[in-house]
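Novice: First the structure, which I've put down as structure tokens, then a few questions once you've had a look.
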Amino acid sequence: MEMFTFLLTCVFLPFVRGHSLFTCEPITVPRCMKMAYNMTFFPNLMRHYDQSTAAVKMEPFLPLANLECSPNIETFLCKAFVPACTDQINVVPPCRKFCEKVYSDCKKLIDTFGMRWPEELECDRLQYCDETVPVTFDPHTQFLGPQKNTEQVQRDIGFWCPRHLKTSGGQGYKFLGIDQCAPPCPNMYFKSDELEFAKSFIGIVSIFCLCATLFTFLTFLIDVKRFRYPERPIIYYSVCYSIVSLMYFIGFLLGDRTACNKADEKLELGDTVVLGSQNKACTVLFMFLYFFTMAGTVWWVILTITWFLAAGRKWSCEAIEQKAVWFHAVAWGIPGFLTVMLLAMNKVEGDNISGVCFVGLYDLDASRYFVLLPLCLCVFVGLSLLLAGIISLNHVRQVIQHDGRNQEKLKKFMIRIGVFSGLYLVPLVTLLGCYVYEQVNRITWEITWVSDHCRQYHIPCPYQAKTETRPELALFMIKYLMTLIVGISAVFWVGSKKTCTEWAGFFKRNRKRDPISESRRVLQESCEFFLKHNSKVKHKKKHYKPSSHKLKVISKSMGTSTGATANHGTSAVAITNHDYLGQETLTEIQTSPETSVREVRADGASTPRSREQDCGEPASPAASSSRLCEEQADRKGRAGNGTDKISISESTRSEGRVTPKSDVTETGPMQSSSLQVPGSSEPGSLKGSTSLLVHSASGGRKEHGTGSHSDT
């Protein structure tokens with residue numbers, strides 16, 4: 001059988017890539033082109049019939065050559081896979097002693113990588129040969145250079161990416177300095193039960209923080225005017241952290257489906273962490289999380305700026321509000337620029353603990369320049385402005401130390417600012433401490449992880465791992481807790497009795513009524529009252545005299561009348577805020593246009609015109625409505641033509657009685673008694689006077705025509 005195989009080889013070998021059975025060919029394998037010989041012969045010991053096949057089969061052993069586990073390993077591999085060929089001796093295989101020396105030097109790495117040593121290269125099968133032959137081992141020393149100590153080479157091995165963590169090219173993956181390599185998923189530091197506990201903890205905290213920040217934002221929506229500058233940035237700050245909490249809650253619901261790549265059994269690839277922006281879902285989570293995290297921090301800095309402008313520079317709320325456009329440009333522009341820069345640099349990384357995607361989880365440089373540095377700058381600037389504002393407020397408190405009430409208010413405000421700032425700064429400074437601690441110890445943790453899994457993954461073990469340290473789960477839980485709890489500090493600012501009252505009114509539907517709507521309601525009720533009452537009066541006219549329902553006005557002068565001449569037009573009747581009866585009565589009867597204006601203003605109405613509209617379009621379609629409005633228009637016309645309103649003196653007050661609102665029945669012109677009170681021509685001259693409506697004790701005089709009437 002062996003003879004038959006040899007004959008077939010002799011027949012078909014010349015047709016395989018131009019190989020000849022008894023001729024040498026130039027070496028084309030790049031790895032072996034630097035050997036002392038430049039001609040080879042095939043088939044080799046492993047029955048490879050061309051150099052391309054031999055080069056492919058030699059690749060699994062190249063890590064031994066790269067690590068230089070033996071100074072002669074590369075020469076041995078080339079002699080085994082690409083044997084030397086000379087004119088005198090067709091094939092020069094590696095010698096047995098040479099094989100034993102190389103194998104003993106590289107045995108540890110062979111076991112580490114889990115390599116399968118070819119049976120054809122077992123040293124027992126090789127022959128002893130004369131090492132003085134020129135084509136053997138001596139010339140090779142000219143190409144290897146100075147030999148290195150095996151133990152010294154082993155210390156410089158470094159990290160080799162395990163086979164199941166390798167990724168396809170073009171994705172930009174890089175793990176522990178090795179390209180096309182990704183971190184394992186689930187997390188490389190913790191066990192499965194620890195990860196489940198951490199995920200549940202993050203989910204609960206995210207829900208709590210989401211509810212707190214939403215409560216702050218909804219409180220703002222209930223009463224927008226309550227939160228003006230300088231405290232308006234608190235609302236935007238709470239909105240940012242509500243989005244951050246929502247992203248962590250979504251990551252809790254998704255688990256590892258977004259932050260990790262699924263295993264590929266065909267390619268023998270395991271679960272790996274997502275690196276880069278190729279995964280759309282992970283990229284979206286990263287954009288929202290990083291953008292609003294940075295924006296929330298910037299809004300806190302803007303809050304300290306507005307406080308400083310108000311306390312230190314004595315800016316008013318309106319002056320600060322004029323700079324709102326610049327505040328928004330900075331608060332949204334800087335995080336947006338950083339987010340776009342990270343996307344362009346392909347620095348998105350999946351977090352297999354929380355389920356979200358962020359930056360700097362495995363790349364220390366990205367964490368240092370895009371997370372740690374911006375947070376440190378914000379803390380420094382915000383704390384400096386905050387201290388400057390508090391010093392200014394303390395100076396103001398010392399100036400007004402004799403004003404006990406204002407000093408107490410200012411003291412409470414300073415305490416409120418201090419507590420709020422502490423609730424924000426303490427978690428943020430703790431978070432910065434976690435990031436700094438992680439920066440210092442990350443390399444040691446990674447070396448320890450490689451040392452723990454090198455035999456399992458068949459990769460070189462790090463000999464420099466003298467002290468093995470592993471991260472504590474509590475450190476990561478504190479980091480996530482401080483990231484989320486920062487947003488809860490906004491609840492302290494809105495937490496007050498006023499907030500409780502607003503929420504109670506919101507749920508009970510007892511909000512404050514609009515003054516304009518309230519005045520319209522009063523006018524509508526007045527018109528409805530006149531409609532009902534006027535119909536009764538018309539019905540009773542058959543039985544009563546016209547003068548029996550006449551009303552008279554008593555004007556009690558407070559000594560403010562300065563006019564010297566009598567007013568032959570309509571006299572102005574002033575209404576004070578304390579005379580509610582006079583306000584309601586005069587509003588209903590509208591004696592003159594001037595009094596109508598005053599009365600409508602006192603009741604919160606806009607103009608007499610709106611009142612005429614309410615009367616012109618009553619809710620009831622009865623015929624009495626039109627008659628009422630006609631009579632009111634007629635009365636105003638007569639008043640404008642010169643009808644005088646006559647007041648009864650203080651001495652006759654005992655002869656009358658105060659008329660309630662329901663007793664007003666007559667819509668005709670007012671009749672006077674025998675006394676006249678001189679009025680001023682200026683409307684403001686009667687300010688402070690009090691008006692009362694009484695029935696005449698002695699009956700009214702007969703009405704005159706529509707012409708002018710003057711009293712003597």
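From the backbone N, Cα and C atoms, a Cβ is placed for every residue, glycine too.
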Novice: Does Swiss-Prot give R226 and T258 the same topological domain, putting them on the same side of the membrane?
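Specialist: According to Swiss-Prot, T258 sits on the opposite side from R226.
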Novice: Taking Swiss-Prot as the reference, C95 is linked by a disulphide to which residue in C32, C69, C123, C129?
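Specialist: Recorded disulfide partner of C95 in Swiss-Prot: C129.
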Novice: So C99 is in a disulfide according to Swiss-Prot. Which of these is its partner: C69, C123, C161?
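Specialist: Here Swiss-Prot pairs C99 with C123 via a disulfide bond.
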Novice: In Swiss-Prot's disulfide listing, C106 is paired with one of C69, C78, C161. Which one?
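Specialist: So the cysteine that Swiss-Prot bonds to C106 would be C69.
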Novice: So, in Swiss-Prot, which cysteine from C10, C78, C85 is disulfide-paired with C32?
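Specialist: When Swiss-Prot is consulted, C32 turns out to be bridged to C78.
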Novice: Determine, from DSSP, whether C78 (disulfide bond) sits in helix, strand or coil.
Specialist: helix
Novice: Between the transmembrane segment (234-254) and the stretches 202-222, 285-305, 371-391, 474-494, work out which stretch tops the count of Cβ pairs under 8 Å.
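Specialist: Highest pair count goes to 202-222.
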Novice: When the topological domain 'Extracellular' (255-284) is classified with DSSP, how many of its residues are helical, how many are strand and how many are coil?
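Specialist: For that range the per-state counts are 5 helix, 7 strand, 18 coil.
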Novice: Same-chain Cβ contacts of the topological domain 'Cytoplasmic' (223-233) under 8 Å, 6 or more residues past its ends?
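Specialist: Contacts with the topological domain 'Cytoplasmic' (223-233): 299-300, 302-303, 306-307, 309-310, 317, 320-321, 324, 327, 331, 493-494, 498, 502.
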Novice: Same-chain Cβ contacts of the transmembrane segment (202-222) under 8 Å, 6 or more residues past its ends?
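Specialist: Residues 234-235, 238-239, 241-242, 244-246, 248-249, 251-253, 353-354, 477, 480-481, 484-485, 487-488, 490-491, 493-494, 499, 502-503, 506 contact the transmembrane segment (202-222) from elsewhere in the chain.
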Novice: Just to verify a number: CA distance, C95 (disulfide bond) to C123 (disulfide bond), in angstrom, no decimals.
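Specialist: If we compare the Cα positions of C95 (disulfide bond) and C123 (disulfide bond), the gap is 8 Å.
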Novice: Tally the residues of the topological domain 'Extracellular' (438-473) by DSSP class, grouping H, G and I as helix, E and B as strand, and everything else as coil.
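Specialist: Looking at the topological domain 'Extracellular' (438-473) with DSSP, the answer is 21 helix, 0 strand, 15 coil.
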Novice: I need the most crowded of these glycosylation sites: N38, N352. Count other C-beta atoms within 10 angstroms of each C-beta and give me the top one.
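Specialist: Within the set of glycosylation sites, the most crowded position is N352.
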Novice: Among 285-305, 371-391, 474-494, which stretch has the highest count of C-beta pairs below 8 Å with the transmembrane segment (417-437)?
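Specialist: The stretch with the most contacts is 474-494.
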